[in-house]
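Visitor: Per TrEMBL, the feature active site, charge relay system maps to Asp130, His208, Ser541. The domain 'Peptidase S8/S53' annotation in TrEMBL covers 121-594. Annotation source TrEMBL lists domain 'PA' at 384-457. The annotation domain 'Subtilisin-like protease fibronectin type-III' is assigned in TrEMBL to 670-774. The annotation signal peptide is assigned in TrEMBL to 1-26.
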Amino acid sequence: MGRGSGRVLLLALALFLTLQITPASAVPKSYCVFFDDLASASSLLNGLTPVFSILYRLDDINAIVLLISDSLVPGLLKLPGVLAVIPDKLYKPQTTHSWEFLGLESGGKTNPEWGQTAKYGQGVVIANVDTGVWPTSASFGNDGLEAPWRWRFGDRCDRGKDPTFRCNNKLIGARFFSEAVQVESFQDGTSGKLNKTDLSSPRDYVGHGSHTLSTAGGGFVPNAGVFGGHGNGTAKGGSPRAYVASYKACFLPDTCSSMDVLTAIVTAVHDGVDVLSLSIGAPPSDLFTDLLAIGALYAVRNGVVVVASAGNDGPVPGSVSNVAPWMLTVGASTMDRDFPAQVTFGATNTTIKGRSLSNSTLAAGEKYPMISGEKASATESTDNSTLCFPGSLDQAKVKGKIVVCTRGVNGRMEKGQVVKEAGGVGMVLCNDESTGESTVADPHVIPAAHCSFSQCKDLFAYLQSPVGFITAMDAQLGVKPAPVMAAFSSRGPNTITPQILKPDITAPGVEVIAAYSEGVSATGLPSDDRRAPYNILSGTSMSCPHVAGIAGLLKAKYPKWSPDMIKSAIMTTANNNSGEIQEESGAAATPFGYGAGHVNPLKALDPGLVYDITPYEYASFLCSTTKPSSLVDVLGLGALLPIPAFFRLISLLAGVVSPFQCSSRFRPEDLNYPSITAVCLSARNPVTVKRRVMNVLDAKTPSMYRVTVMQPPGIKVTVEPSTLSFGKMYEEKGFTVTLEVYDDAAAAADYVFGSIEWSDPGTGGRHRVRSPIVATTKCG
């Protein structure tokens, strides 16, 4: 579209909006409007702003964020050159020793591959979109770095209304985006009030953003620990010599507007970041209406590796979020470290081992009366007191006692505060049957221990005439088994495009120590006045930046690799413990929890072969996820989009020559993905998928790879050819994988799992390029 047609488009938009609505006629909402072209629109857009608020103009993706009434959307889509009108959506944050557990150091000494080969990520820019950053944290100290050349022009440090905020040659950028989150109609769908101070600068008043950014790229900080030395050691990120930048688009209370998030992503790409860590998410939705996915695709096609959290809604099947295939989606698992707290009770001193980071203890050897929250109720109803809900406990019943509270509904640490305010001296937090064996060490405000459902059965049986005490214990390393999938980590299958396995990988996400905001208490409770430069958090928010830090190492070693090559290296070298990774319940985990396996950074630095994906393949994938007729409602707004405009929208999102022509021959499972998922299998309906791999070995001699197949139960897997030979670096070879049912009974399970693995016998099998297989007789 040329300059003249662009002016016609915006003139049509101006006339349409002026004739259809006045500011008082309806409550406006934020919509992201995508156009064919905005290059010549400046004066016309400026003419709209006195009447209609334009929150953001995003020239890089031909879009504006506009406040309009819902009733205008169908008509707006009919205007020439308008490709999509997408409503706002609420996103939330998915809320030390880990690098030793991952093999990057041992006994305090770093592995040579980490420092010498990957240079600790030196020269790479790692950014996050999160709750901001605490700029004076030692993790973001300058440490003799020089700002990268491409960042020396222009100010990327937006101080806002915080004159004390400073960036440096480590923290080279900090911006904030809060226009859309303040829109009244958006606030109606959130809980709690926004904080004006939080909205006015890039400073972190939550702690989440500082924690995730330092996990990915924080520098070396000796003697870092939490609350009296728990986990004490040298804190560092996965790429400790990388530059870091913060793009704040999330605010108290756990609120992120998709419009602010999209703008943050586009700005980060424009600024020149290399890796983007996104520890935020929402329930999965169609890719055409998911602005986080749209922004991530824009980043990937501009060479930025995008890593995202899988979500904390597990272990419910189908709960995984951030399912777009261009994202590297990360689940959460445990490390081999524990922070135990022991509960002793009864005449025979029965003990159960829970977990806690409370920095206060009960008097050694002294036993205290114990009471359940149910028995300590301040009212006739015991529903709230069982959970130790605020205001539910009777002080006369609780004073001087250890209270046993049940997990659920309100926060774990809030329960301890409720017990403290009622006069209690300690708390045992017990899981119910639904939360099972999953426990967390938290910095409780009183002596406490979090115990599993099975442990608490004995305790509840004893609570007829109880006394007991709680003892804090030293941190323990080498705990087995590890890793174990965290119960909270969201699970597959992918409910949007079931032919793509999600999550892709798992990484440490339980009890991770990293930098924190000193503008908020360690527990987030208003009554907690403790402040700490480092804190311990759990969630896929914590596992995501682990993988972002590892992506930074690969970017430093292989600066010309595409984001998909880096993603492939991380996935195909992951360790699945020969299929023996466990759930917290002790049952066997599956790829719906851990994806390709547990991340292995040293192996990822030397993958042998990688799977790459082109922008045209992503365009074909987007086409294949929608079955257009003469008109399509890809946006789910009841407004039909003409097919030519649909093709132009595909071209815009994927960054390919417009108009892109969709092919009916391309299927979602044909995307050159490092994992393989086949749906709708039957004895009469085998599925064949195509893949190709690229040799990334800089070797003088040819290399040959041979495939090994682990067949899913009841499924025959055939790989053709079974050997691949490469004569030069970056050479690609294709192969097919055919899956067919041979045993109906064995394949009748909802899903069955296997793998293929390419290995090079010429190097003694140094490279093992493994892809998980998921197969099902279900269709969709």
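In case you wondered, yes, glycine gets a Cβ from its N, Cα and C as well.
The model shown is predicted, which means the values in this text are computed figures rather than measured ones.
What's the neighbourhood like for each of these?
Guide: Counting only same-chain residues six or more apart in sequence, the Cβ atoms lying under 8 angstroms from the Cβ of Asp130 (active site, charge relay system) belong to Pro93, Asp204, His208, Gly209, Thr212, Leu213, Ser246, Tyr247, Lys248, Ala249, Cys250, Ser277, Ser279, Ile280.
His208 (active site, charge relay system) falls within a helical segment according to DSSP.
Every protein chain shown contributes to the tally, and the Cβ of Ser541 (active site, charge relay system) ends up with 31 other Cβ atoms within 10 Å.
The average pLDDT the prediction assigns to the domain 'Peptidase S8/S53' (121-594) is 90.
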Visitor: Mind giving me a neighbour count for His208 (active site, charge relay system)? Other Cβ atoms within 10 Å of its Cβ, every protein chain shown.
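Guide: The Cβ of His208 (active site, charge relay system) has 28 Cβ neighbours within 10 Å.
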Visitor: Would you mind splitting the domain 'PA' (384-457) into helix, strand and coil residue counts from DSSP?
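Guide: Going through the domain 'PA' (384-457) residue by residue, I get 22 helix, 17 strand, 35 coil.
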